[in-house]
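Everything on this sheet refers to the single structure shown next.
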Amino acid sequence: MLRALNSSGICESLTYGLPFILRPTSCWQLDWDELETNQQNFHALCHSLLKREWLLLAKGEPLSGGHSLRQPANTFYVIVPSRSPTLLVKAVATRELMLPSPFPLLPENPPDDSLKIVESVLDSLELEPIYNPLQAWSHLYSHLSNTFIKPQGRLHPSWESRALRKAFPAMRHVRTRPWSPWGLLLSLLCSSCLGSPSPATTPEDRAGSQGLRFRLAGFPRKPFEGRVEIQRAGEWGTICDDDFTLQAAHVLCRELGFTEATGWTHSAKYGPGTGRIWLDNLSCSGTEQSVTECASRGWGNSDCTHDEDAGVICKDQRLPGFSDSNVIEVEQHLQVEEVRLRPAVGRGRRPLPVTEGLVEVRLPDGWSQLCDKGWSAQNSHVVCGMLGFPSEKRVNTAFYRLLAQRQQHSFGLHGVACVGTEAHLSLCSLEFYRANDTTRCPGGAPAVVSCVPGPLYAASSGQKKHQQSKPQGETRVRLKGGAHPGEGRVEVLKASTWGTVCDRKWDLQAASVVCRELGFGSAREALSGARMGQGMGAIHLSEVRCSGQEPSLWKCPHKNITAEDCSHSHDAGVRCNLPYTGVETKIRLSGGRSRHEGRVEVQIGGPGSLRWGLICGDDWGTLEAMVACRQLGLGYANHGLQETWYWDSGNTTEVVMSGVRCTGSELSLDQCAHHSTHIACKRTGTRFTAGVICSETASDLLLHSALVQETAYIEDRPLHMLYCAAEENCLARSARSANWPYGHRRLLRFSSQIHNLGRADFRPKAGRHSWVWHECHGHYHSMDIFTHYDILTPNGTKVAEGHKASFCLEDTECQEDVSKRYECANFGEQGITVGCWDLYRHDIDCQWIDITDVKPGNYILQVVINPNFEVAESDFTNNAMKCNCKYDGHRIWVHNCHIGDAFSEEANRRFERYPGQTSNQIV
């Protein structure tokens, strides 16, 4: 049976309700199957209910034989009109009405014949009520009227949170709506099942009764990402990024109708919002069905500014049955997502990257030009930054205007007005032409921009000479740990020592200053939370606040920091905009199980004679694989393969490159030393060509230099205690001719603590099946050489050496929030987990350098981890540690220990010289 209630009638006095969004298969005369086949009638019902402002209260069939007035909670449903085929349907019961089968989108106006059928049925319902649920069970309407004289606002919060959720657990899945008038029936059933609610609410309670709505806002963004905004009490506001996590993003994405979150952003990446900051210190477990179930400081209680607005990146997949009407887009529909420079002349013959040309933006109907009326240098600065260039230069506008008179143009934007500090053109003031604008850019021409490339991308010799003519001092900012140019952990030079930057208040403006200072464009992302791995040593800066116009990060207001203020888990990073060079089109992988692995193929030849070929696998290693993966845009190298067993998926069999030797920093394999004309390959066949396995993450090992300095000492050890060490080649060559077992060897001992601060676990290259058993010490070696220990003269001559095999790579200790994963006992898995360290104590065999033959003097102690690059890392430049040593023949002083790249260039030069010393001998 059905009964229609006018929403302006008796139900209007209640302003609360908890609808549950479903897509019903039917809601017609309680025939729940008809609309499965007759969706036009269903659409007509939606249309008519909305027009009449009616609800439908439906009485279902009894769950068991016979109808019992004592079971009203099992029989009623509320159907609320909607502007789409999605109705708000609620089973007012201890169980939900679960109705599958989503409906397709239907036309705005249903067919006339369906409307007539529906209208006649609804008219009969209005004139001849068949069933009135408000008369059920002892005239409960009278009881309800007596209980709620003026039933406005919510039920008492304590009653609502305990009793209601206990009786109706499914209601945890729903959001409140201020206009829903069917709360009357809900109250009827709740008052019957649970007793009368508590007395009327206080004004404070009523203030929180308004419903919540959610939307994504800001620019630039895609439809499934943006700044999160919440409407509460009729006012839109934002969420502060303090304590924000991926778990909170999951909850908010579900509120927005997406299945889950893939990431989140901080520091107003999508621009600062306006109005209230509704939530701060939001803490969710990720399983909550509503953001109201998460812990926070309370609604409207925040100490943040809009520069700390949080955003989310949701998975582009909708929840079944979700109505898009809940995602409200108040920004202009058109967005500028992509910008390019189109050369006006010589197209196709000019080298990449393109540095000068007409500015074009991609709009839904294609690429369009920008009107140059009012165009400024600030506009050009923003465009160049987006395209990966640090600055702009003046352009010959007269030439381009003359050229424009002979060409047809399609203008899409005008009135662009940038300040010059924006990271994206969408953040500037601009206007889109309307579709019916017949006159576009009168008296104007397409905007033209000329950009100055950074040192890595200087396209012509003239630009290189111009840049080389400028005095070049050592940069005071650098990026570490990134897989690509223009990305990494930000490090700054202070007092001749490199240190990191705390991510507190880190934003796109500060990141853009770093990017431009290093010769790249504006920042694409400002990264927090050590997204590019953790640094070691000092943290020099915090709360950096840049306007975006500063020439260097050091010119921005900032706070000096102490060790207690921040930790390396909050190291700031950046991803910069880079010029398009097209190098990724000249390399490909074939035969792999995924796009991240395969045999390497490169393109050679000129126009008209391009062909693909293979690379000889001789001497191909991790450094070469790093360059290949970088050129492919696939991150870091996991393995460099000299022999491949990949399936021959194509007909490419010719070897076109051999002898490839890279330093690891090149942008493409073309920049590495190689043979391209006289190919020399020891082993022939496609099986012996180069291959790679790439990875989005990599480990990064660093030695704790202070511990080496603290634990270094000399021991004279008897030869009869060194038989195993000699077997493992841990003594100097002269030990072979010693009078065994008599005499002794002088050993420089020290402890080494090796940290993994990267983003992937450090694992031995070889699997357990190929580890070598050493009987004397009774352990396996997973890597024959894990570290090199050397004593060097100040000019680099090696006078003593040692090495350490990785007989046990394990997690000795870890940071607070990290669990150990690797343990050597019982032939266990070996490795070093991210955030853990492996400790080799000074008192174990081979943890030394044999200095028996070293004469007194001043030396350098050098320790190199992973010296043969057997295992890929995100950064090999920090694998060496150096110390000053002074040896007088009896005692040794080890001091000034530091990671190899921790000092400035000048400090490193001073480190390698002793003042007043003309020779290596102690005077």
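For all residues, glycine too, the Cβ spot is worked out from N, Cα and C.
What TrEMBL annotates here:
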type	residues	note
DOMAIN	214-315	domain 'SRCR'
DISULFID	C240-C304	disulfide bond
DISULFID	C253-C314	disulfide bond
DISULFID	C284-C294	disulfide bond
DOMAIN	339-452	domain 'SRCR'
DISULFID	C418-C428	disulfide bond
REGION	459-485	region 'Disordered'
DOMAIN	477-577	domain 'SRCR'
DISULFID	C502-C566	disulfide bond
DISULFID	C515-C576	disulfide bond
DISULFID	C546-C556	disulfide bond
DOMAIN	587-695	domain 'SRCR'
DISULFID	C662-C672	disulfide bond
Far apart in sequence but close in space: which same-chain residues, 6 or more away, have a Cβ under 8 Å from C576 (disulfide bond)?
G388, G486, E487, A511, V514, C515, L518, F520, G521, S522, A523, R524
Just going by other Cβ atoms within 10 Å, which of the disulfide-bonded residues C240, C253, C294, C502, C546 has the emptiest spot?
C294
If I take the Cα of C304 (disulfide bond) as reference, which of the disulfide-bonded residues C253, C428, C546 has the closest Cα?
C546
Given the disulfide-bonded residues C284, C304, C314, C515, C662, and counting only Cβ atoms in the protein chains shown, which has the most within 10 Å of its Cβ?
C515
About how far apart, in whole Å, are the alpha carbons (Cα) of C556 (disulfide bond) and C502 (disulfide bond)?
14
Determine the Cβ neighbour count for C428 (disulfide bond): the number of other Cβ atoms within 10 Å of its Cβ.
20
Which residues does C566 (disulfide bond) neighbour through Cβ under 8 Å, counting only same-chain ones at least six apart?
C502, R504, I539, S542
Near C240 (disulfide bond), meaning Cα within 10 Å, which of C253, C284, C428, C672 (disulfide-bonded residues)?
none
Determine, using Cα-Cα distances only, which of these disulfide-bonded residues is closest to C672 (disulfide bond): C294, C314, C418, C546.
C546
For the domain 'SRCR' (587-695), residues assigned helix / strand / coil by DSSP:
17 helix, 40 strand, 52 coil
Identify which of the disulfide-bonded residues C418, C672 has its Cβ surrounded by the largest number of other Cβ atoms within 10 Å, counting every protein chain shown.
C418
Compute the C-alpha separation of C253 (disulfide bond) from C284 (disulfide bond), stating it in Å without decimals.
13
If we check Cα distances from C314 (disulfide bond), which of the disulfide-bonded residues C294, C428, C546, C662 wins as closest?
C294
Please identify, among the disulfide-bonded residues C284, C294, C546, C662, the one with the smallest Cα-Cα distance to C418 (disulfide bond).
C546
